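Peer 1: The structure that follows is given in the form of structure tokens.
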Ligand SMILES: NC(=O)C1=CN([C@@H]2O[C@H](COP(=O)(O)OP(=O)(O)OC[C@H]3O[C@@H](n4cnc5c(N)ncnc54)[C@H](OP(=O)(O)O)[C@@H]3O)[C@@H](O)[C@H]2O)[C@@H](O)CC1
Ligand SMILES: [K+]
């Protein structure tokens, strides 16, 4: 499923009329109709009076841009259906958008009850409130007046207990970054147009949008996107498309030979988790390379399916592998950067870099903060060290070190930075955050939509590395392995989460991976 940014939405509303001959007025008509359909999906709008009084109505709180105009269209459709509606207007109507003026004229002509916000005081009869104060047209911080209006709405809904809906995105939510302006409210539902807005999938926006309902625009807008970078959700539909049945005569030789490299005196659990996850995700043969000194302890603890070898003989260790995943528990001692470089120099096959292998790389590029702030995409990121084609799986702290940028900045420009990193370095980036994203060298970004809070425990990332390596060893491309890996890993945790809110372990996630694969194959 596609995801749209503010810039994409603006592009669509400019290009669809030009390229497909469907006017913005028609798109708006469909958007308004979509709001009505979504409301009917949740309520019997003819029985609104059940709640508190016989005079209940749906309230549309409309700003003077096209977001407000969508609300006016929805109000008109509800009037036709005999559903009681009222409209309140926020802002200066003398400065409204052209389509707002047109829709307002229509609502006035049909006798809709319309008040300016200051004149409205009938909150006790509001059954449902729909906010169209602003959508993708937000600029900067919310003005004081808007914050006051939102505060009133919040007070009134606490008092009168009505549901609050947002049109397209909550007023104050940046539809691209998911950042929220001071004063932004939390909603019960958001009806968003064409495709889900990116800001509704990223925190803190994800926490305020409520249940997202996507309403169609009535024209195949995907056709006008051309070569724009696209953003897509990671969900079961996508994973089902990516997973392949195994041929009946598949044997261990066909399912690949994976090598995991990691471990140090203090950290033996991480490489074990990664190697075991590669086994559980279906790799034919898995070998774990660890320093000689910890080999006996690792052998004593790991499942028997994993062979353990010593990293001291690393040239021989690399031979015949379909994938090498390096990093879990490798440690940060001064010899590690040279060790990592020597593996990168000697091995030319598919590679996954995680954890301490990423740390050992140090800064690999730099970010121009001014360009980032101003959205000058091309000059945001400069490469300082070339990387081999590989999958990199940093969490935010590791990514912060790689690009030499504080985490706060990364959180604010999450998808943009992931995309630019993957494009400029030509690698597959799995940025592990909430949500995790997979960015591809061609600029496509996948955003994970599943997973749960129980996953926040040490070792989960090591399992993900093993899963991705396991898929690569079975012949999946690096990018498909990354996307499938993220899905299967989170879905396995979601299955466990059905019975345990938290407290399930990364090893539990690992051993449940096969159930997810069965689910995807419909077995
Ligand atoms: N994409 C599509 O294909 C389609 C898009 N559609 C719809 O169009 C919407 C975008 O409409 P848009 O561009 O007219 O802007 P919009 O969200 O109404 O915001 C402008 C209003 O906000 C105000 N305002 C701004 N910043 C503010 C602040 N900081 N603090 C306070 N106020 C602030 C600004 O005030 P002004 O600056 O003018 O005084 C103005 O009143 C989109 O979200 C979707 O719903 C659909 O019709 C279907 C097709
Ligand atoms: K809105």
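Glycine residues also receive a Cβ, built from the backbone N, Cα and C atoms like all the rest.
Heads up, TrEMBL stuff is auto-annotated, nobody curated it.
Remember, it's a predicted structure, so these values are computed and weren't measured experimentally.
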Peer 1: Looking at the AMP binding annotation from TrEMBL, with 432, 433, 434, 435, 436 already listed, which candidate in 461, 466, 470 is the matching residue?
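Peer 2: For the AMP site that includes 432, 433, 434, 435, 436, TrEMBL also lists 461.
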Peer 1: I'd like to know which of the binding-site residues 433, 435, 461 has the most other Cβ atoms within 10 Å of its Cβ.
Peer 2: 461
Peer 1: Tally every other Cβ atom lying within 10 Å of the Cβ atom of residue 136 ((6S)-NADPHX binding site).
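Peer 2: The answer is 25 other Cβ atoms.
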Peer 1: Residues other than 432, 433, 434, 435, 436, 461 within 8 Å, Cβ to Cβ centroid, of the AMP site?
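Peer 2: Once 432, 433, 434, 435, 436, 461 are set aside, the remaining close residues are 395, 396, 431, 437, 448, 451.
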Peer 1: Give the number of CB atoms, excluding that of residue 436 (AMP binding site) itself, located within 10 Å of its CB.
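Peer 2: Result for residue 436 (AMP binding site): 25 other Cβ atoms within 10 Å.
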Peer 1: Out of the binding-site residues 66, 69, 168, 395, give me the one sitting nearest to residue 434 (AMP binding site) by CA distance.
Peer 2: 395
Peer 1: Go through 395, 432, our binding-site residues, and report the one whose Cβ sees the most other Cβ atoms within 10 Å.
Peer 2: 432
Peer 1: Just to be sure I understand the packing, how many Cβ atoms besides its own are within 10 Å of the Cβ of residue 434 (AMP binding site)?
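Peer 2: I get 15 for this one.
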Peer 1: Which of the binding-site residues listed here (67, 69, 139, 168) have a Cα atom within 10 Å of the Cα of residue 433 (AMP binding site)?
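Peer 2: Taking 67, 69, 139, 168 one by one, none has a Cα falling within 10 Å of residue 433 (AMP binding site).
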